[in-house]
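As recorded in TrEMBL:
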- 29-42: compositional bias 'Low complexity' (COMPBIAS)
- 25-52: region 'Disordered' (REGION)
- 146-172: transmembrane segment (TRANSMEM)
- 178-199: transmembrane segment (TRANSMEM)
- 240-273: transmembrane segment (TRANSMEM)
- 285-305: transmembrane segment (TRANSMEM)
- 312-336: transmembrane segment (TRANSMEM)
- 382-409: transmembrane segment (TRANSMEM)
- 442-459: transmembrane segment (TRANSMEM)
- 471-494: transmembrane segment (TRANSMEM)
- 555-576: transmembrane segment (TRANSMEM)
- 623-644: transmembrane segment (TRANSMEM)
- 673-691: transmembrane segment (TRANSMEM)
- 703-722: transmembrane segment (TRANSMEM)
Amino acid sequence: MEESTHLHQITTPLISKDEGYINEDIDDNNNNLPSSSSSSRSLPEEENSPVKQVALTVPTTDDPSLPVLTFRMWVLGTISCILLSFLNQFFWYRTEPLSITAISAQIAVVPLGQLMAAKITDRVFFKGKRWEFTLNPGPFNVKEHVLITIFANSGAGSVYAIHVVTVVKVFYKQHITFFVSLIVIITTQVLGFGWAGIFRRYLVEPAAMWWPANLVQVSLFRALHEKEVRPKGGVTRTQFFLIAFTCSFAYYVFPGYLFQMLTSLSWICWIFPKSILAQQLGSGLYGLGIGAFGLDWSTISSYLGSPLASPWFATANVAAGYVVVMYILTPLFYWLNVFKAKTFPIFSDELFTSNGQEYNISAIIDSNFHLDMAAYKREGPLYLSTFFAMTYGVGFAALSATIVHVALFHGREIWEQSKASFEEKGMDIHTRLMRKYKQVPEWWFVCILLVNIAATVFACEYYKEQLQLPWWGVLLACGIAIVFTLPIGIITAITNQSPGLNIITEYIIGYIYPGYPVANMCFKVYGYISMSQAITFLQDFKLGHYMKIPPRTMFMAQIVGTIIACLTYLCTAWWLMETIPDICDTTASNSVWTCPSDIVFYDASVIWGLIGPRRIFGDLGQYASVNWFFLAGAIAPILVWLAAKAFPEQEWIRLINMPVLIGATGMMPPATAVNYTTWILVGFLSGFVVYRYRPDLWQRYNYVLSGALDAGLAFMGVLIYLCLGLENISVDWWGNDLDGCPLASCPTANGVVVSGCPVFT
């Protein structure tokens, strides 16, 4: 690699500074942090980003002399990646799975980096030689910090293919080896890296592709690296983080161990302990959650992320969609007995027989691990709770609504900006600055992609008994991913909306290759998750682009971070599956290891893979009418668009975002009512009340508080498990009854007999 011409002036770090920087006359400063947004205002209009939010947020200068690949970066980046991977997988199997974002690491590593800069020797090793380096090249700087966060992002983003391993081992109780599991996980993640590399010139370099979500992290980087004076009578951000972290750490011992009912306080059930109707309405975990709330941060942030990071407009859209689906459509469908709704619980992700009993899936699987048609005819057709069936309908509607909404409201914009991308127009100051660094050759990504596809085909053919997916399935999945990565990448980069392909991939392979559940899961992982992973990588590319990280350095960090994350996720999951008795068993008394997301993934593998969509949502199924949701979803944005055209003076109409409204409950199940009600409440307090009436406090402490709550809960959760969970030490009292609504899951149809429930006649 070509080194910077500035290298002789500064002690070389562990490997090098910004490698490959081509020195030209750029107006750089020598500060630890690039200039503030105010400096961008002095630039000519055509020099700065044409996107206002970017122009006001992202620094427009670069200091190429800042060391990046330092000893601190490798140590803190690796630790952050391993820790976040371990914690996210550790909590993934729990009833309230906590998702710890990279923001936690982004905040936590600042004092550690500063401590290392202050205490580690600055001695120069091999001085005067080619391999000269030092463990301490100077103050902890923002570029090191960004690269550490890129590492952390690898651990913060879930490794979706773990679902395949869990479902095969725990639910189907079939054999899959650690090595085959590792191949599936690594090839899935790296496949997305290949797509991202091919499309980065269209989705990262153009100014039009601005990736709104990255501006939160850019703002936080700047806040953490600007010199901060403690306000009179107040505390600095670092002090506030430590205080909030300590409080979160100490408090979680109550909802996490001593008083688990704090997870869901369903007080209506306490008032009416013998009423099925009251418990259906009031249960936060098994009902509609009216009045239910949780005093547990894991309840609040489990599925929807931190409400403190959600703008009020987005929170309001989610709230409106939740109310429509949960409090209007669900009760209407249930009490009108649509799809025999009263035969099953009002809210459940289980699979049932026609008489309301749990479906025995193992009875319809033959010795070759695919559908036994004779046994299926004996067991009868599979039924879903009406809410579960409706969530698939909502997913259909959200997909079509997203396509139509984007075409109507953003079509012209996307077309013009796409043309600008392909013609390499719209280059802003950030792209010009990044052009000074040596780029990653596209053939690197192509080689990675080809090797990865070859390895995937080999694995699926050689281990066909375990993976079931034929070679043509791998190529078809790759074809779907490559076709959709660019358009969905453009939509995400401009609108911050990322339509999911999981239902489409399940549908396609379910019709083409029914009866093979593992093949269905693998096809979904390679077709959908590789595309989703590509979007994540592209977002990281853009973050590095904004913060002027050398592309080859980014490439190295993402590859290493991805491999570390894959190994850590799989080892953690394997350890938990081997050591926790009855993991993912929802019938185990007061168990917190219920694997809600894996249950939904398992159900999907049965619905779309084992039995096949034709026997459930097609002409042979009970739920063919659910397909009308596709049409309803397509019509809804048209109505909003026509209203906006008819009443242009009513600006609020254009704020109605039908994909967000319709897809608001996309995480249900496994998310439950209490997750939404509490998330919406906290989001309202943060995004509306505090943001509107105390913007100074919101700007200073909001994101810091979010990271501190995540970190404190995570460390206490692991400590409780290691000290008490491994020894099976528990506290048995009424406060550890997670919901206190035992009748919420009871059917209300006449003659249905379920253990623990009254029988209606």
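Backbone N, Cα and C atoms are what each Cβ position is placed from, and that goes for glycine too.
Keep in mind that TrEMBL annotations are predicted by a computer and have not been checked by a curator.
Outside the transmembrane segment (312-336), and at least 6 residues removed from its termini, the chain residues within Cβ reach (under 8 Å) are 288-290, 304, 342, 346-347, 386-387, 390, 394, 655, 657, 660-665, 668, 673, 676, 679-680, 683-684, 687-688, 691.
Between the transmembrane segment (623-644) and the stretches 146-172, 178-199, 382-409, 673-691, 703-722, it is 382-409 that has the most C-beta pairs under 8 angstroms. Using the rule of three or more Cβ pairs under 8 Å, pairs at least 6 apart in sequence, the transmembrane segment (285-305) is not in contact with the transmembrane segment (382-409). The transmembrane segment (146-172) and the transmembrane segment (555-576) are in contact, since at least 3 Cβ pairs between them lie under 8 Å (pairs 6 or more apart in sequence). Using a cut-off of 8 Å between Cβ atoms, the transmembrane segment (555-576) and the transmembrane segment (703-722) share fewer than three residue pairs, counting only pairs 6 or more apart in sequence. Within the chain, the transmembrane segment (703-722) has long-range Cβ neighbours (under 8 A, six or more residues past its boundaries) at 87, 90-91, 94, 98, 100-101, 103-104, 106-108, 216, 219-220, 237, 240-253, 256-257, 297-298, 301, 306, 308-309. Counting Cβ pairs under 8 Å to the transmembrane segment (240-273), the stretch among 178-199, 442-459, 471-494, 673-691 with the most such contacts is 673-691.
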